[in-house]
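As recorded in Swiss-Prot:
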type	residues	note
BINDING	24, 25, 26, 37, 56, 57, 58, 59, 117, 165	substrate binding site
BINDING	215, 303, 334, 363, 364, 365, 366	ATP binding site
COMPBIAS	34-55	compositional bias 'Basic and acidic residues'
COMPBIAS	102-136	compositional bias 'Basic residues'
REGION	26-136	region 'Disordered'
């Protein structure tokens, strides 16, 4: 089945039509969260159509309100509930990009979609959405989203990290409207093909994050293609435990230890583990960090970042790479005391990119880390912030 893209939609014509664009907006809606996905929706919002933007987001945490932590967004107005003011603030860059007044609240029902008559094409802006989560049936929400653009409307799927999800704003609405792949989806597929096909060598991969189970497929896929794979973040402790090393109170997926041992045996010349770690007695901003050997973390401490010796070793490796892919932070970068490893490797990747290497940063966490620590280096690195 052929995949229709934005060029096909433009060829058909968008004048007088509504276009529903699904973006990947799944970021924490708090004062510290990274706003890149909200403030930089991408080129599909500049095609001159009457655009409605949809997405899904939420707040971190659990408790009694946890079932409502995720919200699907669609249609006129702003996010109803947590993060509403944040979405309105994020609308500011939309004005600078010529997208209209995004985030403008129109009168209408507090919940659901405003079904009032749509303004004439081109007369209203790209709008931040109203919360449509909490409906008993996702199909109903999908129908209401489709109603936003009317019977002549179209649906553009531009959230690469969510295209596989069976959500109202991804799946149901696509069954109701002519649908097209957005520019960002097409670009990210092209980049991934470059990373998994013929690449310039040396080819280095940097993987972080909490769990080996989340990255197992990536490791097994790239281990036969890359020259080296750096393992950091919380996932490195399961690999260290698989070698029989003491990891203290660090995160370990016990059910993945045998898998890590197999990977280490199979790809001994490819996988690279830290030689030292930054450790602390607890995960807190005021916890005192100390550097310890990676193979002998004290029982009363947990690893929270890769150490300076590891940063030096991995920086030397990355400085010679011609192709690089980074997915996941090296430590708990949200706390400045535990962010040096992530920042150091990001600087190394940016420096190599400035000399002509091809580099890709993928994944919400590592993209956020780059944004927070290295905003001036952003133009040097191909960022796939939507790649999970």
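Positions of Cβ are set from backbone N, Cα and C atoms, glycine also.
With a 10 A radius on its CB, residue 215 (ATP binding site) counts 21 other CB atoms from all the protein chains. DSSP assigns residue 334 (ATP binding site) to coil, not to a helix or a strand. For the recorded site, residue 303 (ATP binding site), the DSSP three-state label reads strand.
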